[in-house]
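What TrEMBL says about this protein:
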- 21-39: transmembrane segment (TRANSMEM)
- 77-101: transmembrane segment (TRANSMEM)
- 121-139: transmembrane segment (TRANSMEM)
- 151-171: transmembrane segment (TRANSMEM)
- 178-196: transmembrane segment (TRANSMEM)
- 227-249: transmembrane segment (TRANSMEM)
Amino acid sequence: MRGFAAFARKELLEQIRSYKAPILLAVLFLFGMTSPLLAKLMPDLFKNLSISGMTITIPTPTAADAWGQFFKNTGQMGLVVLLLIFGTALSQDIARGTLLIPLSKGLSRGAVVLAKYASSLLIWTAGYALSALTCVGYTQYLFSHFGPPHLFFALFCLWLFGAFLLALLLFTGAAAPGSYGGLLFAVAIVGVLLALDAFPKLQAGNPVSLASQSAALLTKTASLQNLWTAVWVTAVCTAACLGCGVLLLQKNGTRS
């Protein structure tokens with residue numbers, strides 16, 4: 001599509017200049033660094049702690065504990081930061097009318113949505129890779145073993161859920177009015193998915209399970225088959241969100 005590369009580059013530079021990209025990278029790097037450290041130091045922190053005469057003992061930490069901390073931190077707070085940073089990526093531009101100039105110069109609405117997605121996905125991928133590699137290095141150093149079985153698939157699952165959230169934000173940004181309408185709509189959808197994830201029979205195929213069950217996969221308490229089902233469903237939902245976002249933007253214009 002005409003102008004896609006130029007607009008994607010503009011979006012990427014804007015995210016860097018507004019410090020949104022550096023903030024996300026810094027937060028994810030911090031999670032990657034502190035997760036193995038917390039797992040390693042936790043027994044020492046509780047070693048001499050006693051409550052009402054009871055002594056709290058914690059088993060010797062392993063690499064699986066380090067990655068459990070990683071998936072807990074990144075799969076919760078990391079994704080919250082992702083939502084906050086990219087939550088207004090499209091809806092704010094629509095509300096302010098800043099898309100009128102590039103659209104008047106021939107940039108298609110499909111190129112707008114895909115360029116915004118490509119730039120945000122690149123930042124998410126870079127930050128997530130930095131975080132995971134940092135966790136690998138610290139885990140190898142502290143535990144002499146970088147990870148348990150199914151680690152790479154678990155990492156892929158969490159990355160894919162982040163990619164789905166970015167596509168969801170573009171869909172809701174095109175669907176809901178106001179600068180923050182898209183973010184609130186996306187949070188509501190994620191809330192529904194979280195509620196459904198509380199029922200084991202509904203976890204298979206639920207995109208949220210890619211984040212909630214990643215750590216459990218490392219301890220073999222999660223169903224690998226269910227997660228593969230969720231992977232395919234999430235991939236389809238991601239494509240559907242992008243497609244619907246393009247259609248809604250074409251139908252509604254820029255609401256200016």
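Including glycine, each Cβ sits where the backbone N, Cα and C put it.
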Ask   = Given the transmembrane segment (227-249), which of the listed stretches 21-39, 77-101, 121-139, 151-171, 178-196 has the most Cβ pairs that are under 8 Å apart from it?
value = 151-171
Query = Where else in the chain does the transmembrane segment (77-101) make close Cβ contacts, counting only residues six or more beyond its ends and a cut-off under 8 Å?
reply = 11, 20, 23-24, 27-28, 31, 112-113, 116, 120, 124, 131, 161-162, 165-166, 169-170, 172-174, 176-183, 186-187, 190, 211, 245, 249, 254-256
Inquiry  = Can you tell me which parts of the same chain pack against the transmembrane segment (151-171), counting only residues 6+ beyond its ends and a CB-CB cutoff under 8 A?
reply    = 67, 71, 74-75, 79, 82-83, 86-87, 89-90, 113, 116-117, 120-121, 124-125, 128, 132, 182-183, 186, 189-190, 207-208, 210-211, 213-215, 217-218, 224, 227, 230-231, 234-235, 237-239, 241-242, 244-245, 248
